[in-house]
Amino acid sequence: MQTVALIDYGSGNLRSAEKALREAARRRALDADIVVTADPDLVAKADRVFLPGVGAFASCRAGLDATGVYEAMNQAVHGRGVPFMGICVGHQLLATEGLEFGVTPGLNWIQGQVKKLEPNDPTLTIPHMGWNAISLVRPHALFAGIDDGAHMYFANSFALTPSHVEDVVATADHGGPFTAAVAKDNVAGVQFHPEKSQASGLALLANFLEWRP
């Protein structure tokens, strides 16, 4: 049985994410133990790492540092090459830095900055809330069986802008395009909430549980 460490660092709707991961595993008949944890030892030994996150970039980074799990995550992801996925602010934390409330260092696992959305249509509001279509930029195992143009659920005021376009997997549009998904080697992140995105979101989570980068 594979162990999936769902990181508890004081940010993110953990129960919704846990429930969705369990349902995704059930639908594919996958033997996965979804563990909500802030235990560095468990994280370091996990077979997969999943990082949620809601709120401000700086507070999420501070919460991650306070738990002491960053080094364990780094050991698992870069030391052993286990698959990693971040969602919403967990996805944004992959960046080099976030520009919300000043400059806050990110994990720098995907080079780039997290910048505020600036729609070119004055009728569009921030935060960007609700369903939006994604455009797949390139094929990726995480989006296997998910249609180009699939609708996902977003709740964001900021977005990760990667320094290298080859790290972008999908985009969405809110008065201008922004990055909806990134992937590099065994690291991936999505700006939307797969746990709120119904069948397409569950398909993505199931793909993550089967992903072998």
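For all residues, glycine too, the Cβ spot is worked out from N, Cα and C.
These come from Swiss-Prot:
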ACT_SITE  CYS88  active site, nucleophile
ACT_SITE  HIS193  active site
ACT_SITE  GLU195  active site
DOMAIN    3-213  domain 'Glutamine amidotransferase type-1'
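Around the Cβ of GLU195 (active site), a 10 Å sphere holds 26 further Cβ atoms from the protein chains shown. Note: the CA-CA distance between CYS88 (active site, nucleophile) and HIS193 (active site) rounds to 6 Å. Within 10 Å of the C-beta of the residue listed as 'active site, nucleophile' there are 28 other C-beta atoms, taking all protein chains into account. The domain 'Glutamine amidotransferase type-1' (3-213) scores a mean pLDDT of 95 in the predicted structure.
Classification of GLU195 (active site) by DSSP places it within a helix. Note on HIS193 (active site): other Cβ atoms within 10 Å of its Cβ, all shown chains, come to 22.
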